[in-house]
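> Take a look at this one; I'll ask things after.
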Amino acid sequence: MRKEILKKVKRVVIKIGSGVITSVDNGLDGDRIKGLAAEMAHFRQQGVEVVLVSSGAVAAGRLELGLSDRPRTIPQKQAAAAIGQSKLMRAYEEEFACHGIKVAQLLLTRDDLASRPRFLNARATIDTLLECGIIPIINENDTVVVEEIKFGDNDNLSALVTNLVEAQLLVILTDIDGFYTADPRTNPEARLIHLVRSITKETERAAGGSGSSVGTGGMATKIAAAKKVGKSGIPTIMVNGKKSGNLELVLAGTEVGTLFLPAGVSLNRRKHWIAYTQRPAGRVVVDNGAFRVLSQHGRSLLPSGVVQVEGKFDRGACVRICTPDGTEFARGITDYSSREMELIAGHKSGDIEQILGYRYGDDVIHRDNLVVL
């Protein structure tokens with residue numbers, strides 16, 4: 001199965017966690033970066049384009065601040081990132097140069113991908129770099145990011161980048177061998193799972209737990225990333241990045257780590273962007289009838305199905321769509337503002353112009369702009 005998947009891969013996103021290329025005491029692990037660069041160069045030799053999402057800037061910079069552990073405050077984290085990002089890029093630049101490969105740095109915030117024009121511009125930039133034989137190295141712009149525009153962790157960022165660059169595979173390098181039935185660091189009976197056909201609620205529950213002492217992402221964030229790219233029909237392989245040769249085993253189609261198969265029905269790129277990259281500006285609660293036609297029949301949301309509107313947003317905003325009990329089941333781009341939607345909620349589409357004095361259309365959210373989660 002893996003060999004068949006790898007045959008189709010022409011572009012891969014490789015996410016490297018902090019725990020893979022740094023240590024608690026010594027900052028960056030130069031030997032590990034050297035080994036990974038050599039393995040990624042082998043991908044290039046086999047005709048596979050590589051986009052790298054790398055953590056490690058904060059961990060690389062914290063020693064310069066005299067911190068013995070992961071920064072706990074936002075100013076500390078941003079200062080460590082400002083110091084460490086240049087150290088991280090210099091390490092990659094030196095090791096890839098040994099293989100005749102140039103690298104480029106891209107620092108992103110969520111706003112860069114939530115804005116459709118900036119999303120497309122970022123894609124064009126990365127495509128150009130790849131056409132020139134350059135490996136893009138992407139990280140969150142920790143030096144300026146605030147809670148409202150942060151990705152949360154680089155697992156999430158890697159999933160969004162996989163959609164952005166239209167890769168055929170996401171590889172997540174971590175400091176354990178893959179996905180286990182329990183945390184192998186605390187449970188000696190934990191068993192490695194080589195194949196996950198579908199990410200279920202049970203899978204997500206088994207993934208509970210925190211990250212390493214130098215990173216922010218735990219197993220739960222990695223499962224969430226695999227689920228997101230799976231919605232676009234893209235598989236994920238999670239493997240131990242601290243073990244030399246594992247990346248080459250992945251490329252060869254060897255059963256190493258854990259393979260997460262994609263969902264049966266995949267979202268197109270734009271709907272994936274709506275569902276996972278846009279930051280919702282409000283909430284629209286619908287009645288049970290609207291819930292059924294949206295979730296089961298793929299219809300548009302009409303004003304008659306709207307029960308309540310929460311938040312202030314303009315036309316064209318992304319909103320959460322919820323059942324009467326508050327459970328989110330979909331997201332969509334609105335054709336009306338929150339003020340307009342409040343006025344026409346519960347009314348028939350034919351009444352819109354009489355109520356507002358104008359009319360954009362019959363739907364408050366068109367089915368082409370609506371994604372059931």
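Just so it is clear, glycine is given a Cβ too, placed from its N, Cα and C backbone atoms.
Pulled these from Swiss-Prot:
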- Lys15, Thr174, Asp175, Thr216, Gly217, Gly218, Met219, Ala220, Thr221, Lys222: ATP binding site (BINDING)
- Ser55, Asp142, Asn154: substrate binding site (BINDING)
- 281-359: domain 'PUA' (DOMAIN)
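Tell me what's around each of these sites.
Thr221 (ATP binding site) carries a helical DSSP state (H, G or I).
Regional average pLDDT for the domain 'PUA' (281-359) in the model is 96.
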> Using DSSP with the three-state reduction, classify Ser55 (substrate binding site) as helix, strand or coil.
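Note: Ser55 (substrate binding site) is coil by DSSP, not helix or strand.
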> Lys15 (ATP binding site): which of the binding-site residues Ser55, Asp142, Asn154 have a C-alpha within 10 angstroms of it?
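Candidates kept after distance check: Ser55, Asn154.
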> Taking DSSP states H, G and I as helix and E and B as strand, how many residues of the domain 'PUA' (281-359) are helix, strand and coil?
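Per-class counts: 28 helix, 22 strand, 29 coil.
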> Restricting to the record's substrate-binding residues (Ser55, Asp142, Asn154), give me the longest CA-CA distance in Å as a whole number.
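Greatest Cα separation within the listed binding residues comes to 11 Å.
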